[in-house]
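What Swiss-Prot says about this one:
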- 76-89, 282-294: NAD(+) binding site (BINDING)
- ARG96, ARG106, ARG134, ASP224: substrate binding site (BINDING)
- TYR141: site 'Important for catalysis' (SITE)
- LYS192: site 'Important for catalysis' (SITE)
- ASP224, ASP248, ASP252: Mg(2+) binding site (BINDING)
Amino acid sequence: MSKQILILPGDGIGPEIMTEAVKVLELANQKYQLGFELTHDVIGGAAIDKHGVPLADETLDRARAADAVLLGAVGGPKWDTIERDIRPERGLLKIRSQLGLFGNLRPAILYPQLADASSLKPEIVAGLDILIVRELTGGIYFGAPRGTRVLDNGERQAYDTLPYSESEIRRIAKVGFDMAMVRGKKLCSVDKANVLASSQLWREIVEQVAKDYPEVELSHLYVDNAAMQLVRAPKQFDVIVTDNLFGDILSDQASMLTGSIGMLPSASLDTANKGMYEPCHGSAPDIAGQGIANPLATILSVSMMLRYSFNLTAAADAIEQAVSLVLDQGIRTGDIWSEGKVKVGTKEMGDAVVAALRNL
């Protein structure tokens, strides 16, 4: 029986990078006889233009029926002035929520070939391999009440709510500990328990879950200290588990330790490891249509999909090896280019990975 993968290119550079990722996926499908069937649909601004909403019901139904979803990126200035509840980003939040994709895995890995592209000294980041586990369907992005009200003095006041239940914290903590068990058996939980009630509960529940994982060394950091430590001594971290807002910020910060956010994939998983896979970067409307975007994060998202949703380790390893071989050849898109390397565009980078994968 074939496995269904839904392709959602999205907006901005999304269609360009997705074209290259699909080329790699189709080659892997053929080379390793994976039995995948690919279907395509729209999300975000493209869905607003077509359906009037950022995520159509029929698209959501296709996502529910699929075994995995591969996403490009959403959003752009074209849709910035429309009502907040129907902006492109709401489609992304809705599909995560409706599919129950509560666990977001964001690796921050520095390829040795890109040590000179990092914003930090090579001796600080060499060998960097961090996994950030971010809670994805709770917290301040989904909390109610939220809105804007007029105070008695006529001034407008905006407000949001940051709620977390015990069960939401417990399930993401388990993901963090499970990831730590198959890596370096070190887990750092990041919160703001000195200020926030939700973080106080977060820390309490993480401590409870830790009792089931005696082999894992657990530490806690306040988010402001964690942000500082990521720059000061990032290799002290192995797995970080944190909430939605903090994870959003810290994972982008960690991405720059690797040289470019254009290198970083992500996985968003439900309780059964059905997932949606996407690059960590956004839609980059400023470079959309120029053919210069880095497709490697999306290609590596394909590898994560094969690994986490389908347990196809050999095919996943092969894609990662192909990317590494291309970097060995000195091939670079502009965001990771340095003197003496070969600067290429989006399509050329995708073609290079396809060629490397074909020759493995």
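In case you wondered, yes, glycine gets a Cβ from its N, Cα and C as well.
Mapped onto this structure are the features recorded in Swiss-Prot.
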| residue | record | DSSP class |
| --- | --- | --- |
| ARG84 | NAD(+) binding site | helix |
| ARG96 | substrate binding site | helix |
| ARG106 | substrate binding site | strand |
| ARG134 | substrate binding site | strand |
| TYR141 | site 'Important for catalysis' | helix |
| ASP248 | Mg(2+) binding site | helix |
| ALA284 | NAD(+) binding site | coil |
| ILE292 | NAD(+) binding site | coil |
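When Cβ neighbours within 10 Å are tallied across all protein chains shown, the highest count among the binding-site residues ALA284, ALA288, ILE292 belongs to ALA284.
The binding-site residues near LYS192 (site 'Important for catalysis'), taking a 10 angstroms Cα-Cα threshold over the set GLY76, ARG96, ARG134, ASP224, ASP248, are ASP224.
Here the binding-site residues are ARG106, ARG134, and the one with the most other Cβ atoms within 10 Å of its Cβ is ARG134.
By the criterion of other Cβ atoms within 10 Å of the residue's own Cβ, the least surrounded of the binding-site residues GLY76, PRO88 is GLY76. Comparing ASP252 (Mg(2+) binding site) with ARG134 (substrate binding site), their Cα atoms are 12 Å apart once rounded.
Apart from ASP224, ASP248, ASP252, the residues listed for Mg(2+), the same chain places the Cβ atoms of VAL223, ALA227, LEU245, PHE246, GLY247, ILE249, LEU250, SER251, GLN253 within 8 Å of the centroid of those Cβ atoms. Distances between the Cα of PRO88 (NAD(+) binding site) and those of the binding-site residues ARG106, ARG134, ASP224, ASP248 are shortest for ASP248.
The binding-site residues under consideration are ASP80, ASP252. Their Cβ neighbour counts within 10 Å are lowest for ASP80. Same-chain residues at least 6 positions away in sequence with a Cβ under 8 Å from that of ARG84 (NAD(+) binding site) are, in sequence order, ARG90.
GLY76 (NAD(+) binding site) sits 19 Å from ASP248 (Mg(2+) binding site), counting Cα to Cα.
Within the same chain, residues at least 6 positions away in sequence whose Cβ sits under 8 Å from that of TYR141 (site 'Important for catalysis') are LEU93, ASN244, LEU245.
Sequence-distant contacts of ASP224 (substrate binding site), defined by Cβ-Cβ distance under 8 angstroms and a gap of at least six in the same chain, are LYS192. ASP224 (substrate binding site) falls within a helical segment according to DSSP. For ARG96 (substrate binding site), other Cβ atoms within 10 Å of its Cβ number 21.
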